[in-house]
Every structure is written in C-alpha cells, then in structure tokens.
Amino acid sequence: MDFYIFVIGVLLLLAAVDLIVGVSNDAVNFLNSAIGSKVASYKTIILIAVAGIVIGSVFSSGIMEIARKGIFYPQHFTFEVILVVFLAVMLTDIILLDIFNSLGLPTSTTVSIVFELLGASLMAGILFSMAKNESINDIWKYINFETTQSIVSGIFLSVLIAFTAGALVQYLCRLLFTFQIEEKLHKFGAIFSGFGITSIVYFLLIKGLKGTTILSKSTSKWIVDNTWLILGILFLISTVILWAFQKFGKINPLKIVVLAGTFSLAMAFAGNDLVNFIGVPITGLLAYQNWISTGLPANEYYMDYLQGSDVIVPNYMLLISGIIMGMTIWLSSKAKKVTETEVNLGRQDEGEERFKPNAISRSVVNSSLTFSKIFGIIIPSSVTQRYNTSFEKKKLKEATQTQDTPAFDLVRASVNLVIASIIIAWATSNKLPLSTTYVSFMVAMGSSLADKAWGRDSAVYRVAGVLSVIGGWFITALIAFSVASVFSFILYKGGQTGTIILISVVFSYIIISQIRFSQKEKKSKKTKDRLKVLENEDMNTVQKYQSLVSTAVSEIATSYNMTLDGLIEGDISKLEKSNEALKDLEEHGYNLRSKSIKYLKSLQMNDRQVAQVIVMSSDFIQDLTQSTKSMSDEALFYIKNLHTISNPKFLNDLKILDEKMEEFFNLVLVSLEQTKNENFETIKKNRNAVRSFINDNLYTQISNINAEKPSTKEGVLQTNVFLQSRDIQAVLTRISKMYLKLYEERVL
C-alpha cells in the first residue's frame, strides 16, 4: 500500500509539472493574435489571458472523460494495471511536451494524451491478457477503438477546414478593409466588431461554459435553448456600444474584439483542455480512494467504478490548476518561444527566418506560383486591379524599428480569433472532436497566406516552417504512442524497481532540459543584445556601426588569441570555446548584414557616405569572422584528432605571431575608441612589421614543407594560420583607414 501511495503522490506531482509544460505549449492558441498585433502591452495581454485561464478553470466541467474511459475500457483492468497505464502516460506526456517547448514548436496536448493513453493501455492490455492466458482476440476488448478513430479523424479533418476558412475569410475581410484600415474602419468597424464579439460570446456559451459545475443545470439548459435569441440581442447591443466607443471615445473597436477573443480562448482552453494535464492523475487518485475502501488486493480489484461513474474534479483542485497555469503563462520563457514561432510564421513583413527551405517547400511555392499565373489569366483584369488595390500595403516603417512594429494588423488578429472561435464552437455543439491547437494554428496560417504575408522573399522559409510544425503533429502521435507503450512495458515488467528507476530518469531529464534551455536562451539573448546599439537614439548611424565594429574586433581578438594558445598548448577545451564564440559571431554577422540592408531602405539618397559605412562595416565584421573561424576550424580539427606538431620552430613562431597580432589588435581598438584617429601612422608601421613577419614565416613554412615533408594535415595547418592571419591584419587596417577618413571629413 505504501508503494501505491508513493505512485499516487508522483502522479499528483506530475500533474503540476504537466500543467506547466502543457500550458507553455498551448498558450500560443490564445496569445498569438494579441501579441502579433501588439493590441496592448505585453503585460496587459498576459493579465487578460491569466484572468481567462483562472476563470475558465473554475468554470471547467471537471469531467475527466478521456482519462476515464474515452480510449480504453477500465472495467477490464485491475487497479494495479490502471496505475501502470496512468503513470506511463504522465511520464511520456511531460517528456514529449517539454521537447516541443524547447524546440519552440506548437503541438496538440489532446493528440498527445489520446495516443499516450492508447499506447500505454494497449501494451498493458497485451501484457495483462498474456498473464491471464487469454486468446489473442481478447486483447481488443481493452481498447475503445471506435472512440479513438473518431477523435483522430475529427482532429485531422479540422486542420483542412481551419486553414481554408481562415484563408477565405481573411481574403474577404482584406478586400473590405484593405491595409489602410483607418479609412474603412469608421464605415464597417462597429458592425464587423459586433459580429466578432457575438461570435466570441457564442464560443463561450457553447465551448467555455459547456458542462460547467458552477451553473445549475436549469440555467445551462436555458442558455442552450435560447442561444440564438441571446446572440441576436448581443449583436445589436455590442454593435451600438462599439459604434459609440469608436465615435465618441476614439477607441478602435477591433482592439476590443482581439482582447475579448484572447480572454475567451484562454477561458475555454482552461475549461476544457484542463483534462489533458490533470485528468489522468486525478482519475488515478479517485481510483485509489475507491480501491482502498474495498480492502481487496490491487491485482484483483477491477475498475468498474471508472466505467460506471462520472469522475468529477473538486472545484478547489480546478482553481489551484488555474493558478498554476496562470503563473506559468506569466513566467515561462518556453511559452514565449512557442508563441514567437507562430507569430513569425505569420509576420506580414520580412523578418529573421528561423526555418530553412527544403525541396518540399520549394515545390509547394513553385506550384502555387504556377497556379497563380493560370488564375491570373482566367480572372478579368478589373477584378485583379481591385484586388491589388485592396492589398496595397502602407510604406514600411523605418527598418531599424521593425522589432517594435506589429507582425500583422488588427484585422487579421480579429479574423484569427473569430474564425477559430466559430469552428471550435461549431464542432463542440455537434460533438465533433478537434484540437484547439491545430485549429488556431491553421486559421492563423490560412489568414497569413490570404494576406500575402508569404511573399517571394519569404515563402519558401514560411512554408518550410508550416510543414515542420505539421510534421511535428504526426511525430507527436507516433512518439506519444511508442514511448508510452515502452514505458508501460517497463513499469509492468519492472515492478517497483523499474518504476523508481524510470521516474528518476524522467525527472533527471526535465532538470537537464531546463538547464540546457536556460543556457540556450542566454546565448540567444546575447545575440540580440549585440544589435541593441542600433536602437540608441543618442548616437548617429556612423557611431552606432563604429561601436558594433569595435565590439566585434575585441571579441575576434579574444578568439584569435585563444585559438593560438589552444594550438600551442594542445588544449582542446580552449579551441572548442573559441570555436563556439566564433560561431556566435558568424550568426551575429549574418543578422547584422540583414539588418543593415533593411536599414539602407530607410536612408535618403544623399546619405551615400553613411550607406557605405553601413555596408562596409558589416562586411568587415564578416570577413574578420570568416578568417578567424577558418583558422579555428583547422586548429580544432587537428588537435581533436590527436595530431601533433612535429616542428618546434613553428610553435615558437606561433607565440611570436600571437604577441604581434595582440599588439596590432589593441592599436586598432584604441583608434576606434578615440574621438580622433591620431595613431594611424603607428598602425601602418605596426602593420608593415606584422605583415613582414607573416610573409617571412609563410615562406619559411612553405620551404619546410618542401624540405622536411611533414604530413599533409600539418602542412595545411601551418600555412592556414599565417594566411588567415595576414587576411585578418589586412581587414583591420582597412577598418582603421575607413574610420580615419570619417574623422577627417567630420562625419564622426
């Protein structure tokens, strides 16, 4: 009995952990539109979502249908086997959702829990049936295949419906409002927003309050019976109120729609998807309470209780769950990462593309372009002209401010929320299973496509991202089923020892995963912080890029020194550390170059000299990084593969080179930090001395290769060090020379 108490305690602890990892992934469903459109400050959006989550938790139906009997028939399992199934499911769910959170990919907690229950119960059923010497045909009595098939088919059918509906409605709304929404908002804004509010309330009535334990049955019945009357009255009232707000309060009615939609989706999520996180542990707890009252052995008591009775979670547990989820939304960096993925895939303008194009994405885009050309031939030119006028975008804001501009406007945000609400409410009223994640994501992607957010410059990247997410959904089902089956086998066959080991492994994984994610986030933050100087309003453009170059030169000097030290000492750790730093600099150089091109778009034509500084500065950083990285790669490869340097003179030359290059780096850094470039003559003299040393030693190394016949790898290493050092020294000189010219012309 003590062991079963321990297992129940672990299940309840896993429930709290699953709430955290689960809501971190599902938060994208209700945060995407509000955050992407920047309808309000981030804190305001989160507060509204948290309020929706907490209230939705209290209004939850509390019925653990899927966990109780939706996937398997509990009356055929003993209490002992039921615990094996539930523990396998929870351990799998935490690992699976944490993987997707760390990758920043949205997935379906409904699909994961369904396939985990299916895999764990099927494996447990097979083992249990074998233990009882039953025939192979008896195995199928344990699984509710009809319900499972209905759930899976409904979920994936909703993907197609959501994408099509999102694209079609967004297309029509954009034709109506165009991208100059201020001009059309005063005509159609109140009516459109009134319809949006009505749809959202309908969603709440049907989905959010369905089966709640707070409202009485008579009240719930009255609401359902009079739904259309309520909605009609609400449409009239909300339209009038929103018109008054717009007319007299100068309030954009679309903002109210987006915020209300965020609240309602958060509320419905908490009210209905809560079962995905706490359903299994709470059902296990109630099953334990039922078993303990019988006095029968755990391996003899069959769980008819779960088949015949509603398992309802107490309201205080629902409230605690809501509070945990609310705190997670507020604090979780993984929730932000998942939301960022979906927002960036739907971004209206160009941005940093996270996903790399592949053959499938290129094929999809190419086919779409061909179809578009055929469509253009069929459609009359007058219609095409009207279409192009409606989709004419405003002038982009200054490129340096793109991080502060919304990813998309309030029209698209409203469509995302309203269409998702309608589809989910309609499916719920018709008792059709679906995934809120899949619906929300596909509506957002459909509206992005209709809004021409996927242009020629970004389409292959965005399509690759969408395909990656959709592929992840299928992987979710496969991993959930497979891992839960394996865990169920280990728990069933391993007994208490296997259970304790498996629990320890899973918790260790979660701790290690969190540590690695934190390290990755720090690295990502450092990359973004490098470009923050571009937002400094106290500096002009040339000063900003001078600062960027100075910082990059300093970091490259450190990596260069560490590379030579690691090579001289044969220290792999130094070489690896230097190589990692240079990889970060490579990414920084790519980001800076992309940012610089966007920056150029905002410059006046007479800013020719400034434009040259922008282009040359990013190019200098890239050249320096490439040369140093090439040297670092060669050195790391050589030492990592246990090669030795046979020529002691080469090692001595490396020490001298390191000293000379360090002095040269410092001279250039001083020149970049001064308000006037007085030491350029010193730099030139030092450059000549360093260049002469490099050229002499390069010739010496070439002679040694001819005379002493060292290994090919050693010869490549020796020449590479001096060749790349010469390139680095040449770029440093060009940097100093460019900024000297700027000083003389009083640009700085």
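In case you wondered, yes, glycine gets a Cβ from its N, Cα and C as well.
Keep in mind the model is a prediction, meaning the values are calculated, not measured.
Annotation source TrEMBL lists transmembrane segment at 6-24, 45-64, 76-97, 109-131, 151-173, 185-206, 226-245, 257-278, 311-331, 466-492, 498-517.
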Best-contacting stretch, by C-beta pairs under 8 Å, relative to the transmembrane segment (6-24) and drawn from 185-206, 226-245, 257-278, 311-331: 311-331
Which of 109-131, 151-173, 185-206, 257-278, 311-331 contacts the transmembrane segment (226-245) most, counting Cβ pairs under 8 Å: 185-206
Selected stretch (most C-beta pairs under 8 A with the transmembrane segment (185-206)) from 109-131, 151-173, 257-278, 466-492: 257-278
